[in-house]
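Per TrEMBL, domain 'Glycerol-3-phosphate dehydrogenase NAD-dependent N-terminal' is recorded for 2-153. Taken from TrEMBL, the feature domain 'Glycerol-3-phosphate dehydrogenase NAD-dependent C-terminal' covers 173-256.
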(Lines of atoms letter the chains of each structure in order from A; the text may use other names.)
(Lines give C-alpha, C1' and ligand atoms only; values in the text may rest on other atoms or scores of the structure.)
Protein backbone atom coordinates (compact mmCIF):
# COMPACT_ATOMS: atom_id res chain seq x y z
CA UNK A 1 0.00 0.00 0.00
CA UNK A 2 1.27 3.49 -0.85
CA UNK A 3 1.11 5.60 2.31
CA UNK A 4 2.24 9.19 2.74
CA UNK A 5 3.07 10.52 6.19
CA UNK A 6 2.84 14.28 6.62
CA UNK A 7 5.13 15.46 9.40
CA UNK A 8 8.58 14.05 10.23
CA UNK A 9 8.29 14.60 13.96
CA UNK A 10 8.59 11.84 16.55
CA UNK A 11 5.17 10.27 15.98
CA UNK A 12 5.09 10.68 12.21
CA UNK A 13 8.55 9.18 11.86
CA UNK A 14 7.77 6.27 14.21
CA UNK A 15 4.58 5.39 12.29
CA UNK A 16 6.34 5.73 8.94
CA UNK A 17 9.10 3.39 10.15
CA UNK A 18 6.59 0.83 11.42
CA UNK A 19 4.52 0.90 8.21
CA UNK A 20 7.68 0.58 6.11
CA UNK A 21 8.74 -2.47 8.12
CA UNK A 22 5.31 -3.91 7.37
CA UNK A 23 6.08 -3.84 3.65
CA UNK A 24 4.24 -0.67 2.67
CA UNK A 25 5.59 1.93 0.25
CA UNK A 26 6.21 5.01 2.38
CA UNK A 27 6.66 8.66 1.48
CA UNK A 28 7.56 11.06 4.28
CA UNK A 29 6.81 14.75 3.73
CA UNK A 30 8.28 17.64 5.67
CA UNK A 31 10.48 20.71 5.50
CA UNK A 32 13.48 20.25 3.17
CA UNK A 33 16.04 20.91 5.90
CA UNK A 34 14.48 18.29 8.18
CA UNK A 35 14.37 15.70 5.42
CA UNK A 36 17.97 16.48 4.46
CA UNK A 37 19.10 15.70 8.01
CA UNK A 38 17.24 12.39 7.96
CA UNK A 39 18.70 11.50 4.56
CA UNK A 40 22.23 12.29 5.68
CA UNK A 41 22.20 10.56 9.07
CA UNK A 42 19.55 7.84 8.60
CA UNK A 43 18.18 9.09 11.93
CA UNK A 44 15.75 11.72 13.17
CA UNK A 45 18.12 12.86 15.87
CA UNK A 46 15.95 15.76 17.07
CA UNK A 47 12.93 13.54 17.84
CA UNK A 48 14.00 9.88 17.83
CA UNK A 49 17.69 9.78 18.73
CA UNK A 50 19.58 6.54 18.16
CA UNK A 51 16.78 5.01 16.08
CA UNK A 52 18.02 3.81 12.70
CA UNK A 53 15.64 4.67 9.87
CA UNK A 54 15.14 3.00 6.47
CA UNK A 55 17.25 4.08 3.54
CA UNK A 56 14.82 2.95 0.87
CA UNK A 57 11.76 5.06 1.57
CA UNK A 58 10.90 8.33 -0.18
CA UNK A 59 11.52 11.70 1.47
CA UNK A 60 9.58 14.37 -0.44
CA UNK A 61 9.47 18.13 0.35
CA UNK A 62 6.65 18.89 -2.12
CA UNK A 63 3.30 17.97 -0.62
CA UNK A 64 1.43 17.57 -3.90
CA UNK A 65 4.06 15.19 -5.20
CA UNK A 66 4.03 13.36 -1.87
CA UNK A 67 0.30 12.63 -2.00
CA UNK A 68 -0.06 12.21 -5.75
CA UNK A 69 0.03 8.39 -5.71
CA UNK A 70 -0.96 7.80 -2.09
CA UNK A 71 -3.81 5.48 -1.14
CA UNK A 72 -3.61 6.76 2.42
CA UNK A 73 -2.35 9.94 4.06
CA UNK A 74 -1.37 10.13 7.72
CA UNK A 75 -1.32 13.61 9.20
CA UNK A 76 1.15 13.88 12.09
CA UNK A 77 1.09 17.68 12.24
CA UNK A 78 1.00 19.83 15.42
CA UNK A 79 -2.57 20.95 16.06
CA UNK A 80 -1.68 24.63 15.64
CA UNK A 81 -0.59 23.97 12.04
CA UNK A 82 -3.01 21.16 11.24
CA UNK A 83 -5.52 23.19 9.24
CA UNK A 84 -2.80 24.88 7.19
CA UNK A 85 -1.37 21.53 6.09
CA UNK A 86 -4.75 19.84 5.72
CA UNK A 87 -5.88 22.58 3.34
CA UNK A 88 -3.08 21.50 1.00
CA UNK A 89 -4.59 18.03 0.53
CA UNK A 90 -8.07 19.30 -0.32
CA UNK A 91 -9.61 16.98 -2.89
CA UNK A 92 -7.77 13.88 -1.67
CA UNK A 93 -10.07 10.87 -2.09
CA UNK A 94 -8.23 8.10 -0.24
CA UNK A 95 -8.05 7.47 3.51
CA UNK A 96 -6.95 10.48 5.56
CA UNK A 97 -5.84 9.60 9.10
CA UNK A 98 -5.24 12.11 11.85
CA UNK A 99 -2.78 11.04 14.54
CA UNK A 100 -2.74 14.51 16.11
CA UNK A 101 -4.35 15.05 19.51
CA UNK A 102 -5.92 18.43 20.07
CA UNK A 103 -8.81 20.84 19.58
CA UNK A 104 -8.66 23.83 17.26
CA UNK A 105 -8.86 26.95 19.39
CA UNK A 106 -10.85 29.12 17.00
CA UNK A 107 -13.52 26.57 16.01
CA UNK A 108 -13.57 23.92 18.74
CA UNK A 109 -13.11 21.26 16.07
CA UNK A 110 -11.04 18.13 16.57
CA UNK A 111 -8.51 17.26 13.88
CA UNK A 112 -10.85 14.78 12.17
CA UNK A 113 -13.47 17.52 12.21
CA UNK A 114 -11.09 19.77 10.30
CA UNK A 115 -10.44 17.00 7.77
CA UNK A 116 -14.18 16.43 7.30
CA UNK A 117 -14.55 20.13 6.56
CA UNK A 118 -11.62 20.36 4.14
CA UNK A 119 -11.53 16.92 2.51
CA UNK A 120 -15.14 15.64 2.46
CA UNK A 121 -14.26 13.27 -0.40
CA UNK A 122 -11.81 11.33 1.76
CA UNK A 123 -12.54 8.57 4.25
CA UNK A 124 -11.59 10.16 7.58
CA UNK A 125 -10.09 8.26 10.50
CA UNK A 126 -8.35 9.05 13.79
CA UNK A 127 -5.61 6.89 15.31
CA UNK A 128 -5.06 7.40 19.02
CA UNK A 129 -4.15 5.75 22.32
CA UNK A 130 -1.26 5.45 24.79
CA UNK A 131 1.58 5.89 22.34
CA UNK A 132 4.97 7.26 23.29
CA UNK A 133 6.66 7.54 19.91
CA UNK A 134 10.07 6.43 21.10
CA UNK A 135 8.65 3.17 22.46
CA UNK A 136 6.87 2.41 19.20
CA UNK A 137 10.07 3.14 17.27
CA UNK A 138 12.00 0.85 19.61
CA UNK A 139 9.56 -2.00 18.99
CA UNK A 140 8.00 -1.97 22.46
CA UNK A 141 4.43 -3.41 22.48
CA UNK A 142 1.73 -0.75 22.10
CA UNK A 143 -2.06 -0.75 21.69
CA UNK A 144 -3.97 1.85 19.67
CA UNK A 145 -7.50 2.42 18.44
CA UNK A 146 -8.51 3.58 14.96
CA UNK A 147 -11.89 5.32 14.80
CA UNK A 148 -13.86 6.10 11.68
CA UNK A 149 -17.46 6.44 10.55
CA UNK A 150 -16.36 4.28 7.61
CA UNK A 151 -15.88 0.77 9.00
CA UNK A 152 -13.90 -0.35 5.97
CA UNK A 153 -11.50 2.58 6.37
CA UNK A 154 -10.95 1.77 10.05
CA UNK A 155 -10.20 -1.86 9.22
CA UNK A 156 -7.85 -0.82 6.43
CA UNK A 157 -5.82 1.39 8.76
CA UNK A 158 -5.84 -1.45 11.28
CA UNK A 159 -4.25 -3.69 8.65
CA UNK A 160 -1.59 -1.09 7.86
CA UNK A 161 -0.21 -1.19 11.41
CA UNK A 162 -1.57 -4.37 12.98
CA UNK A 163 1.69 -6.23 13.44
CA UNK A 164 4.19 -6.64 16.28
CA UNK A 165 4.80 -4.50 18.24
CA UNK A 166 1.53 -2.69 17.51
CA UNK A 167 -2.00 -3.95 18.07
CA UNK A 168 -4.77 -1.79 16.61
CA UNK A 169 -8.45 -1.96 17.51
CA UNK A 170 -11.31 -0.29 15.64
CA UNK A 171 -14.10 1.98 16.85
CA UNK A 172 -16.87 4.04 15.28
CA UNK A 173 -16.85 6.80 17.94
CA UNK A 174 -14.48 9.24 16.24
CA UNK A 175 -15.46 12.15 18.47
CA UNK A 176 -14.95 10.16 21.67
CA UNK A 177 -11.57 8.81 20.59
CA UNK A 178 -10.32 12.28 19.67
CA UNK A 179 -11.69 13.98 22.78
CA UNK A 180 -10.01 11.41 25.00
CA UNK A 181 -6.67 12.18 23.39
CA UNK A 182 -7.15 15.94 23.71
CA UNK A 183 -8.70 16.22 27.19
CA UNK A 184 -6.17 13.97 28.88
CA UNK A 185 -3.49 16.61 28.32
CA UNK A 186 -5.11 18.90 30.88
CA UNK A 187 -5.12 16.14 33.47
CA UNK A 188 -1.51 15.27 32.67
CA UNK A 189 -0.43 18.82 33.48
CA UNK A 190 -2.29 18.57 36.79
CA UNK A 191 -0.63 15.21 37.47
CA UNK A 192 2.73 16.85 36.86
CA UNK A 193 1.85 19.55 39.37
CA UNK A 194 1.17 16.76 41.89
CA UNK A 195 4.63 15.36 41.17
CA UNK A 196 6.28 18.76 41.46
CA UNK A 197 4.63 19.46 44.80
CA UNK A 198 5.48 15.92 46.00
CA UNK A 199 1.84 15.29 46.91
CA UNK A 200 2.28 11.54 46.73
CA UNK A 201 0.67 8.70 44.81
CA UNK A 202 -2.65 8.78 46.66
CA UNK A 203 -3.46 12.32 45.55
CA UNK A 204 -2.29 11.61 42.02
CA UNK A 205 -4.45 8.49 41.78
CA UNK A 206 -7.47 10.43 43.01
CA UNK A 207 -6.78 13.21 40.51
CA UNK A 208 -6.55 10.77 37.60
CA UNK A 209 -9.69 8.89 38.62
CA UNK A 210 -11.78 12.04 39.01
CA UNK A 211 -10.20 13.47 35.89
CA UNK A 212 -11.33 10.48 33.84
CA UNK A 213 -14.85 11.02 35.14
CA UNK A 214 -14.72 14.67 34.06
CA UNK A 215 -13.46 13.62 30.62
CA UNK A 216 -16.37 11.21 30.29
CA UNK A 217 -18.95 13.78 31.37
CA UNK A 218 -17.63 16.43 29.03
CA UNK A 219 -17.30 13.95 26.19
CA UNK A 220 -20.82 12.56 26.48
CA UNK A 221 -22.19 16.11 26.65
CA UNK A 222 -20.44 16.68 23.31
CA UNK A 223 -22.02 13.57 21.78
CA UNK A 224 -19.35 10.93 22.44
CA UNK A 225 -20.02 7.47 23.90
CA UNK A 226 -19.24 7.02 27.58
CA UNK A 227 -17.56 3.64 27.09
CA UNK A 228 -14.99 5.14 24.73
CA UNK A 229 -13.36 6.94 27.65
CA UNK A 230 -12.66 3.64 29.40
CA UNK A 231 -10.69 2.35 26.42
CA UNK A 232 -7.23 2.94 24.99
CA UNK A 233 -7.88 6.49 23.80
CA UNK A 234 -9.28 7.53 27.19
CA UNK A 235 -8.08 5.67 30.26
CA UNK A 236 -5.09 4.20 28.42
CA UNK A 237 -3.78 7.49 27.10
CA UNK A 238 -4.55 9.27 30.38
CA UNK A 239 -2.57 6.69 32.36
CA UNK A 240 0.60 6.79 30.29
CA UNK A 241 0.56 10.58 29.97
CA UNK A 242 0.10 11.14 33.70
CA UNK A 243 2.82 8.71 34.79
CA UNK A 244 5.50 8.62 32.10
CA UNK A 245 8.71 10.57 32.58
CA UNK A 246 8.63 11.07 28.79
CA UNK A 247 5.26 12.86 28.87
CA UNK A 248 5.68 16.50 27.86
CA UNK A 249 2.45 17.63 29.50
CA UNK A 250 3.25 15.90 32.79
CA UNK A 251 6.74 17.41 32.69
CA UNK A 252 5.26 20.87 32.08
CA UNK A 253 3.08 20.53 35.17
CA UNK A 254 6.02 19.32 37.25
CA UNK A 255 8.12 22.31 36.21
CA UNK A 256 5.27 24.71 36.98
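Using N, Cα and C of the backbone, Cβ positions are placed for all residues, glycine too.
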Secondary structure tally of the domain 'Glycerol-3-phosphate dehydrogenase NAD-dependent C-terminal' (173-256) (DSSP, helix then strand then coil): 70 helix, 0 strand, 14 coil
Local confidence of the domain 'Glycerol-3-phosphate dehydrogenase NAD-dependent C-terminal' (173-256) - pLDDT mean: 97
